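Structure record follows, encoded as structure tokens.
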Amino acid sequence: MSTSVHAVRLVAAHEFRMRLRTGRWKWLLGGFTAVMLAFTWFLATSLNASRDSYYNGETMVHDTTSIGPQMFGILMLFVLGLMLIISPTLTSQSINGDRERGTLATLQVTLLSPTDIAIGKLLAGWSVGLVALALSVPFVLFSVAQGGVGFLSAVATLTVVALLIGVICAVAQALSALMSRSISSGLLSYLATAALTIGTLITYFLALSATSEQKPILIGSDYMTQGVVRHPEEVWWLLSPNPFVILADAAPALPPLRADNGDVVQRSDDPLGSIRRSVRDATLPDSSLPCGGTVYSSSDQPIGDRLTPTIPQCPAHPADPSPVWPWGLGFDLLLGAFAVTVTIRRLRTPATRLGRGVRVA
Amino acid sequence: MIEEAELAEPRAEAGIVVEDVTRSFGEVWAVRGMSLVVPYGRVTALVGPNGAGKTTLMLMLATLLAPTAGRIRIAGVDPAADPVAVRRVTGWMPDTLGMYDQLKVHEYLAFFADAHRLSKAERAQAVPALLATVRLDEFALAPVHVLSRGQKQRLALARALIHKPRVLLLDEPASGLDPRSRIELRDLLRRLAADGVAILVSSHILSELAEMADRAVFVSAGQVVASREMSDLAAIGSDQRVPWRIRARDPEALEAVLTGRGLAGTASPAGFELPPMTEDQASDLLAEAVGAGVRILAFGPTGTPLESAYLALTEEGRR
């Protein structure tokens with residue numbers, strides 16, 4: 001059965017119209033706007049109160065870029081958080097809910113293909129998410145207007161959020177196609193979102209622990225101690241699908257700040273930049289090990305009653321480690337594509353096998 | 001089983017041919033080796049109790065379920081091999097209505113016209129015409145949720161007809177219809193059949209089917225028990241025990257006769273409801289009552305010939 005743009009648009013427009021007429025969207029979007037308004041106001045007020053100069057530990061830094069970058073970063077993380085809460089609800093009942101209402105089968109016996117139905121419904125759910133995202137744009141532009149953040153940076157960051165909404169919607173829709181009951185798919189959709197956000201973080205730290213090793217370290221010429229050597233470079237990829245990591249890492253870097261003496265200093269007013277630095281540093285070997293210290297490894301050869309010390313070289317860390325977001329976003333987009341495939345397969349008829357508890361009509 | 005008369009029918013011209021079709025859901029066999037033929041230009045009733053496999057068969061014919069075994073041909077096409085071709089020529093009305101309550105009535109039909117890829121001109125012609133056919137034209141701009149169950153039933157029928165199907169599958173189409181709508185449904189189906197549409201109507205309410213069908217296929221426990229022309233059905237039940245109703249001008253005298261024969265009839269405004277008996281037993285009772293001077297106003301089986309035949313055939317099937 002062929003898929004056409006016309007058919008996908010027909011399903012998407014139909015679904016979107018149905019959602020508009022339920023009336024719930026008004027509450028959803030109204031609530032979203034109210035929360036954004038309140039949060040932006042509190043954020044702007046508190047940032048303005050702590051404005052001016054700050055001490056970075058060594059010297060006085062004058063913030064010449066105002067509250068813009070900090071406000072933009074915090075606001076974008078907040079918007080992403082809100083969207084991750086809203087998005088699963090947009091599609092987590094789109095297939096099994098229609099089955100329960102008896103409307104899915106009437107669609108399946110028309111000339112609409114499973115792909116038309118799956119993609120059309122996904123586009124409708126995603127569109128509602130994008131409408132909510134669009135409502136956050138004035139607040140984001142307000143933070144951009146404070147200075148320090150380029151307009152294109154804001155567009156790029158919003159685009160990443162838009163793609164992540166699509167991924168979450170696709171996963172929730174696949175779960176609604178797999179589960180017979182809409183309450184189960186709703187719950188599992190939130191668990192899947194939690195797995196991407198909190199789950200990746202927990203898994204990363206567990207894996208970091210599991211891959212770390214104890215080694216004797218010689219400090220100076222005759223002081224030996226046990227040191228923990230971590231290998232974040234082996235497990236950093238576990239963090240990459242995390243939507244917050246993707247957002248922070250994909251957001252364009254802000255221009256550097258300069259201290260009174262003209263030196264470039266680490267920005268402490270850029271939340272997205274802080275996350276980006278932490279994640280990118282994780283792709284490199286552990287830099288907490290004292291360079292020039294002496295580490296004995298199991299492969300060291302004894303000479304007399306002493307081991308031959310291995311003098312670890314200080315790793316030559318690149319000034320700007322490679323970005324993580326292409327891997328993470330790539331993984332998430334693949335996950336979304338896989339979810340759409342699952343949905344299409346579950347919509348195929350005539351069905352030879354039905355899931356437990358699934359009724360055709 | 002396929003009756004001999006059916007085997008003689010030219011199957012190439014049949015709207016639906018089902019051959020030894022089986023469908024299981026895990027351990028449960030919903031349909032076990034069903035075979036039947038639904039010719040064009042006829043209304044065929046699929047008769048059976050709840051759980052007989054009627055809806056499962058309908059779902060297979062509507063291209064939603066694949067048979068576990070056996071062969072199906074709709075307008076000469078195997079739904080498993082080419083479901084799209086089958087959907088182009090098949091209209092299906094399920095027992096669950098599946099309405100989009102938020103849409104207006106005309107929008108609802110227009111959406112399904114688009115989903116069946118009707119052109120704008122075809123849609124503009126088909127939607128009002130069908131709304132008039134099912135007497136919903138005055139509700140065209142009303143939201144679907146304000147319709148009564150019977151009106152929704154008629155809208156579902158219009159949806160099934162939107163692409164002018166050559167094969168029509170109706171699952172419990174008359175449930176919820178008022179008497180006038182039921183008569184109109186019967187007339188509409190007769191007109192469609194006269195236009196050459198093959199119609200399969202499933203129901204367990206036999207009085208509905210008796211009004212609209214040319215032929216009946218009896219199913220029980222997932223199998224076809226028998227297949228008969230409606231005109232032949234009256235004879236089948238003559239020796240079967242069916243409930244009867246009798247009414248007399250002097251009920252006390254009638255009650256005395258009934259008591260004398262050990263018949264505990266239940267009194268109702270329409271007369272006495274009698275327990276199941278054969279035609280011979282009924283005629284004996286009538287003769288005795290008339291002989292006793294009871295002035296009888298009405299006496300007859302409470303069911304239709306289809307009900308009598310169904311009871312007879314399913315009883316045979318059990319034996």
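Cβ atoms here come from the backbone N, Cα and C positions, even for glycine.
Listed as Cβ neighbours of the transmembrane segment (A:27-47) (distance under 8 Å, sequence separation of 6 or more from its ends, same chain) are residues 67, 70-71, 74-75, 78-79, 82, 86, 128, 131-132, 135-136, 139, 142-143. The feature transmembrane segment is assigned by TrEMBL to A:27-47 (among others).
The transmembrane segment annotation in TrEMBL covers A:67-86 (among others).
Under the heading transmembrane segment, TrEMBL lists A:122-145 (among others). Within its own chain, the transmembrane segment (A:122-145) has Cβ neighbours under 8 Å at 8, 11-16, 19, 25, 28-29, 32-33, 36-37, 40, 44, 68, 71-72, 75-76, 79, 82-83, 86-87, 90-91, 94, 151, 154, 158, 161-162, 165-166, 169-170, 172-173, 340, 343, counting only residues six or more beyond its boundaries.
Taking Cβ pairs closer than 8 Å, the transmembrane segment (A:151-175) reaches residues 72, 76, 79-80, 83-84, 87-92, 94-95, 118, 121-122, 125-126, 129-130, 133, 137, 140-141, 144, 185, 188-189, 192-193, 196, 243, 246-247, 250-252, 254, 272, 325, 329, 332-333, 335-340, 342-343, 346 in its own chain, all 6 or more past its ends. Feature annotation from TrEMBL assigns transmembrane segment to A:151-175 (among others).
Residues 84, 87-89, 91-92, 168, 171-172, 175-176, 179, 234-236, 238-245, 332 of the same chain, all 6+ positions outside the transmembrane segment (A:187-207), place their C-beta atoms under 8 angstroms from a C-beta of that stretch. According to TrEMBL, the transmembrane segment annotation covers A:187-207 (among others).
Taken from TrEMBL, the feature transmembrane segment covers A:324-344 (among others).
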